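Read through the structure below, which is laid out as C-alpha cells, and then see the notes.
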Amino acid sequence: MEQKLKEFAKELFSIDAIKFGEYKTKVGLMTPVYCDLRVIVSYPKLMETLADLLIWKIQNVERYDLICGVPYTALPIATVVSIKTSIPMVMRRKEAKDYGTKKLIEGVFKPGDNCLIVEDVVTSGSSILETVKDLTGATLKCTDAIILLNREQGGEQFLKNNGIKMHALLSMTQLMQILHEAGCIDKATVQKVENYLATTKVDESVMKKSVPDNRLILSFEARAKLAKNPISEQLFKIMRCKQTTLCVAVDILNSTDLLNFAERVGPHICALKTHIDILEDFHPNLLQPLQEIAKSHNFLLFEDRKFADIGKTVEYQYSKGLYKISSWAPLVTVHSLMGRGVLDAIKTSEGLEKRGVFLLAEASAAGNLISDNYVKETIKMAEEYPELIAGVVCQNPLFLNNPGLIQLCPGVQMENKQDNLGQRYNSPLTVVLEKGADIAVVGRGITQSSDPACAAERYKKMLWDAYLQRIESSS
Ligand SMILES: O=c1ccn([C@@H]2O[C@H](COP(=O)(O)O)[C@@H](O)[C@H]2O)c(=O)[nH]1
C-alpha cells in the first residue's frame, strides 16, 4: 500500500491536482502549493485507487455505521468508498431545500449512528466542521474524519479541539518528499513549501471558510467606513489617498537627522514610527517641526513606546515626563501583558483628543516567549476596546473578520532574513500576501540605505502592488 500511495501521489501531480507557483487561497492569502482534487472525477482509475487507499486507512477507525463526504469534492470519493465497502452513505446538502422535506442530511440513518467523514484536503478543518455540525444537528455522531491530504496548517489540531480525530493518507511534508524523490519537483520548491508551512499559521478566524467582511480582500476605502477608532479611519484614508502602506521605523539617534529623514521619506509613508527615547539630544523643541512635517506630508506620528506597566505608571509615561507622548503622537504601541488597566490609562490620559493604540500580539524577534494563547487573548482584548484600538502588531493573518482593525507588521526587508540580535525579516510581498499585513514597518531597510527617499519609494510601490493583488478578487 505504501508503494501504491507513492504512485498515487505522482499521478496527482501529473493530472495537475497538485500545482506549484503563486496561488490565492479563498481567504485572500497566497500559497506556493495548490491542491485541486476536483479534477479527479475525470480519472476513474485514480478514483478507485484513492478509494482503496482510504479503505486501507479506515482500518484505524474503531466504529462507524455510515459515511459522509464533505461537499462537493469528496462526495464522489465517499460514494466509491461506500460502494466498495457496502457501508451506507448519507449526503449533506449545503443549503436546506426550500420545498418538500427541507432536510440537510439525505439518506437513511438512526439517531446516534456514527458517521465517518470523508474529505480530500484539510487546511483549516473548517469544511469538515461545517459538515459535522449538520450531521450532529440531525442526531448523528461524528468522531473521525478520513482524508487524503493534511496541509499541516493547523487543521488537525482545530478538529481535535472540536472532538474529531483526523486520519490522513498523506501530510504535505510527505507529499513533497515523494514528489521530490520522483523528480517531479526540485529542492528549492520543497524548501519554499516547507518555509511557507513553518511560518504561516492559520488562526481560527482564517479557519472559518467564509469569513464575513474578510479584511484581506476588502479595500482600505471600504475598511475606513468600518473603522471604529478615529485614527485608524484616518490611517485607512491616508493609505488610500497616498497609495502607501509603508510605515518607516526611524530609529535614528540625532534630532536633526530625524527631521531631515522625516522630510525625505514623508511623501512615501502613511506613518513614521519613532522610539523617541533613543534620541541622544532630545529636546521638546523637536516636536513642533516634527508635527509640521507630518502634517505637510500627510502621515501620522507613531511612538512605539510599547507600554507595559500598571495603569497609573503608564498614564505618567504617556502624558508626563520629558516626552509627553500623548501631546504629539496620535498612535502608540501597548503590550497586552499587563492587562486592561494600560488601555484604560491611555484612554483617559490628557493629550490629543484623537488617539489610537496598536496592541502588540506577536513579535518579530526570534525566541520571544509569546504563546498562542497570549496571541488569542490579545486579539480578544483589542476587540473589547474598539474606540481605542487602531490595530494589532502581529506577524500572522489574525482577526480576519474584523476589517476595521489594521494589522501592522514589523520585521520587513527586501533581503535580510535575520540580524545578529534576533530580528527576523520577511519580504514586502510575503508580509502582505502570506502574513496578512496591512501596514509594513521598515526600519534599517530604509534608514541604512544610501538613498532613503528612493528606498522608501521602492518599498511603497512593492507593498502597494501586493495589496492591490490581494484585494483583486473582490473588485
Ligand atoms: O515585533 C516587533 C515590534 C516592533 N518592532 C520595531 O520595528 C522596527 C523594526 O526595525 P528594523 O530596522 O526594520 O529591524 C524597530 O523599531 C522595532 O522596535 C519590531 O521590529 N518587531
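Note that Cβ sites are derived from N, Cα and C of the backbone, with glycine treated the same way.
A TrEMBL annotation is a machine prediction, not a hand-curated record.
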According to TrEMBL, which candidate in SER326, SER327, SER364, SER371 joins ASP251, LYS273, GLN423, GLY443, ARG444 at the substrate site: SER364
Contacting recorded positions for ligand 1, chosen from LYS306, GLN423, GLY443 when the Cβ sits under 6 angstroms of any of its atoms: GLN423, GLY443
Residue from LYS273, SER364, GLN423, ARG444 whose C-alpha is spatially nearest that of ASP304 (active site, for OMPdecase activity), among the binding-site residues: LYS273
Cβ within 8 Å of the mean position of the Cβ atoms of ASP251, LYS273, SER364, GLN423, GLY443, ARG444: remaining residues of the chain near substrate: ALA249, PRO410, GLY411, VAL441, VAL442
Rounded distance in angstrom between the Cα atoms of LYS306 (active site, for OMPdecase activity) and GLY443 (substrate binding site): 17
Site of maximum Cβ density within 10 Å, from recorded positions LYS273, LYS306, ARG444: LYS273
Other C-beta atoms that fall within 10 angstroms of the C-beta of GLY443 (substrate binding site): 21
Neighbour tally for SER364 (substrate binding site), based on other Cβ positions within 10 Å of its Cβ: 19
Annotated substrate contacts ASP251, LYS273, SER364, GLN423, GLY443, ARG444, maximal Cα-Cα distance (Å, integer): 17
